[in-house]
Amino acid sequence: MGSTGEPDRKRRLSSSVAPGGGAPVSPAKRLAVAPTSEDKKLDFTVLKYKNQKLSEQLEAHKFEYRALENKFAGLKEKQRTHNETLSLVNSSWEQLVADLKSRSFCKSGSPNSSPGSGHNNVQKDGTCAPIERDTLRSLVESGATESSGCLPGCHLGSDAPPLHLSTANALGDIFFPSSDLLQANEECALAALTKLPENDRSKQLQSTSSNLLSSLNNVVQALSNLQLKHKQLAEDYQNQRDSSARKRAEHRRLKEELASAASELEETNYKLAALKAQRDNTQGARIPYPTLGNKNMPEDKVRDKQREMQDLEATHKELSELISKRLVEIKRLHEERIEILNKIATFQNILMDFKSIRSSKAFQLVNDRLQKSQAELDHYQTLLEKLQVDKDKFVWQERQFNLKVDLAEIPERVSTYCESSIADLKKDIQKLCDEKNMLILKLEEASREPGRNQVITKFKALVSSIPREMGAMQSEMTKHKEASLELNSLRAEVHSLSRILSRKERDNEEASCRSARAGSDITQLQSVISDLKQTNKELKLFADMYKRESTDSREIMESRDREFLEWAHVHALKSSLDESKLEQRVKAANEAEAITQQRLATAEAEIAESGQKLGTSRKDLVSLSHMLKSKQEECEAYRVEVECIGQAYEDIQAQNQQLLQQIIERDDDNTKIFMEGVKAKQTQDALHLETYSLRRNLQQESSLMDLYNQKIVSLEDQLKMWSDRVGKLQEDGWQQSVSLSNYQRKLVDVHRDAQKLMQSLDGIQANVGSSRLEVADLLIELEKERFSKKRIEDDLEVMSRKASSLRAKARESAVLEKLRHEVKEYRGILKCGICHDRQKEVVITKCYHLFCNQCIQKSLGNRQRRCPSCSLSFGANDVKPIYI
């Protein structure tokens, strides 16, 4: 408060008062005065003035100290309530962490499993996947646990890392398995839904699953919103802590300044008492003064006394006239000051009238633009939400397509099995052809050889076995035909899937066009915001120009400058508030646009990959169709060959019948024995072939059964998990609906409270305007009372002077000489130390030397403004008028 420079000022004053007070005086006007008494009186008056100033500063410091104490008590009360709420929040947070741990134990299966044991985010190839872990760490460190250790008087120290670690572990147990489970459940649900028959129950199950997924997404969004609100509250609390620390530091600084001011005041009081005692001692001694003429002659003394009395009367008249002029001038200045105070009060009321500000054209224009921009932002947000919904639908359909492709692999396996069986049949046919050729050769040899009866019997047995083999081959051919029909159905299904994929590609292109339109709209909104900022800058420039155009007096200019500064501050606050809101909305829109563009890019990449996969699947399908055609042609060729063999067999059978008729009678016994051996051999070979084929078929069927059993078990497990998940989601949805209704009721209450607060704000503003008018009236009355008090004091001083002059006339000559000496001393004090003619009218506040106004104005006109007594530099603001 400027207390450090007071001793220097006292030293300068004590060193500079002597030359100013001891300046030479004209002998024609006044007598010489001792410099020591003048210096002492100047020191006394200056110290008295300083003492008064310091007492005023001390009172102001005391008032500020009381206000700060009240404020500090209020802050302590707020801190106490805040500590209570914070302790409650900490307890609830610990309870939440415990609940999370219990839920994580339930999800992991055993309480001994740690979060890092099952979810360490390490892949099979050794690479880490730290995305979810980083997200969890940011959630725990910045948002959730930020309010758990921010008490001003307590620091957690070593307790904070275990709390963070436990929270991170609990959240890891909740989130990391849930993400894997969600992904696995989605895949299983898609597989189960695609395999369900198309009836009312399956459609109802699909609708309920989609509703549950949407409610789950809403719950996740609500959790993210709660985390953001928690983070904002933690930031607000940190700001309150910083402000309270700053206020405590200011409180300590003001205490120190108050103590220093009190010590300085005591020092000045001590010096003032010493100077008073010294003055009382000096006033008791008489000071001889020279007189004009001869001292020994009494007539000269009488004449001198009369002349001095006349001079005293003349000076008294001059002083009375000067006092009357000064009083008139003071009255005029007082009236001007009252008028200025009235104008300032009216200007303050105009500036703080919020209704007039709201009704202004500029405010209405800015408000309309803000409403338009808000509507456009809402429109763009709806467009972005629609794009997000379309993208989610596309992802869902793409997953369905992938599931259908996976299901299409099963007919491919069946076709490969059919091809392997066809190859086996070809081998069997080839063996039969070879056996046929061998039989023909044996028949020819038997016809040539004498033991043809045995050959004939063998041939009969073979002929009897050929029809059975032909029936088996025909059954296998029918099976192959059925497999070819299934392949045609699979082709039709692949064709339908390709058409669905092309349709989805067209939908994706339309979505990209919509996103491009949304980006152009966002750029237009940004240009509108830049125009608003430019108009705000122009308005500020107009305000500055209007500020510079004023040509009134200095005091009016200062008041207008203060008015314009307050007005600019109000507008700056409003514009900063509006711009911050706009910037937040634009940032949110830009972030949403960037997210949609990223998602669109990923969707396009996935579409390109699916297109490539579809192309490869089409190529594979074409190659398989060509292979099937070739196999069908080979089957037709085999069929023709079998028919040819049958016809040849019929011809041979006719010939054999003729031959048999010739040799039946001779070779009956031999044929019976040979037929029995051939039958036994044929049955043995047939049994071997049947056992081999049955074993091979049994192995293939067992492998297929194992595969289907595994799929059935996995689907049953997934169905159980999904049923449990559906129950949990239904419970969560019910809880969320209850909480949503509660939040809606709270929102309605908040809106009602806001309306009441606005109404109370209008009433308070009206009361503030009336109170300002009352304060202005009180200030005017106070100025009037001060002026009247000053007039009374001046009148009292004049009357005291008159009484002293009357007493001086009635006293003896010694008293008259003493009065004359005192009058001369006062003249020396009142007259200027430069011109020694005019009265002292102004004071330099840096060194407290008194001079007349004209001499000081001359020194102010110079480039180097220095005090004539102590050569201390000063400015125009350091010169203050005084009334003596």
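In case you wondered, yes, glycine gets a Cβ from its N, Cα and C as well.
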Exercise. Pick from 11-48, 49-86: which range does Swiss-Prot record as coiled coil?
Worked result: 49-86
Exercise. From 312-351, 392-431, 832-871, which range did Swiss-Prot mark with zinc finger?
Worked result: 832-871
For this session: Please find, within the list 126-164, 789-827, the residue stretch that Swiss-Prot describes as coiled coil.
Result: 789-827
Seminar exercise, completed: Averaging pLDDT over all residues of the coiled coil (696-762) gives 78
